[in-house]
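Annotation source TrEMBL lists transmembrane segment at 21-42. The site 'Transition state stabilizer' annotation in TrEMBL covers R81. For H85, the entry in TrEMBL reads active site, proton acceptor. As annotated by TrEMBL, Ca(2+) 1 binding site applies to D86, G91, D93, S95, E107. Residues annotated as substrate binding site in TrEMBL: P180.
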Amino acid sequence: ILIILIFIMLTRFKKQNNKMVRANIVSMVLLMHAIVGFPFHARGLSMTYYMMSCPFAEQIVKNSVNNALQADPTLAAGLIRMLFHDCFIEGCDASILLDSTKDNTAEKDSPANLSLRGYEIIDDAKEKIENRCPGVVSCADIVAMAARDAVFWAGGPYYDIPKGRFDGKRSKIEDTRNLPSPFLNASQLIQTFGQRGFTPQDVVALSGAHTLGVARCSSFKARLTVPDSSLDSTFANTLSKTCSAGDNAEQPFDATRNDFDNAYFNALQMKSGVLFSDQTLFNTPRTRNLVNGYALNQAKFFFDFQQAMRKMSNLDVKLGSQGEVRQNCRSIN
């Protein structure tokens, strides 16, 4: 019942487009959770993990995220992408945050990760939390909370996640070869995500995160060199114009690049998906109905995205002796 009431309240305030009021409602809901003890656990994680040891942790993360996104709304996409690039490699253990050393090249220096943004937001939240509760809150939990708060700040659904992840000690560039490529077709995406427990519905819902942000020309220019019947000719001209500025030129995934909505799925229906891995979801019968459903019903997309993001943020988490709580998110203790 509480979840239904929250959804109704947030939907009404979304129409008013008042982020400050919505944020206050979420703060109140989190306080209610703390008071009544929300009975949700996942693999040793808990919604109330920091209730006694660091009760202000979530508010500190939310403040760091909100302050950063008010200054630069494009960072919302960066925080969501950071969670995905962290969790898909070695699980949700903040391995993406570790800096390279003279003896090891870390994940963040992989070509696939060089465009990641938002590290300074995690650093800011971690520093503030360490000043209040030293050695308690993991960087992995901060990354998961920051992605959640970024989704909500951009106008997407609010979802809560259990806490208690520990930070990993391994971060190697060679592990990033397991990140899904923007050149995969729908069957390959389903297989790759399926190996980690995700359903085809999860794949399409998570792809909807591309409603935020941009893609670089280097990731889609191959679509312009051969005839592609799945690409609208007018949009192809737009992509070509973007690429005339070089491989690092950026193209928004949809017309509302800083708003979390279902415009991404509308773009796929119009053959205006930027990446091959985007448009393939509409071209493939197995996933086309999901795309059409989300394009028609934003509330359905939001609900399924919530579920998929909870699953993503719980992927192969480390507990207890499997990891540590880093003092500095960029280096192991």
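Yeah, the Cβs are placed from backbone N, Cα and C, and that goes for glycine too.
Since this is a predicted model, take the numbers as computed values, not measurements.
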Using an 8 Å cut-off from the Cβ centroid of D86, G91, D93, S95, E107, can you name the remaining same-chain residues around the Ca(2+) 1 site, in sequence order?
-> C87, I89, E90, C92, A94, I96, A140, G168, R170, S171
Check the recorded positions H85, E107 for other C-beta atoms within 10 angstroms of each C-beta and report the one with the most.
-> E107
At the level of the C-alpha atoms, what whole-angstrom distance separates R81 (site 'Transition state stabilizer') and D93 (Ca(2+) 1 binding site)?
-> 15
Residue pair D93 (Ca(2+) 1 binding site), H85 (active site, proton acceptor) - Cα distance, angstrom, rounded = 11
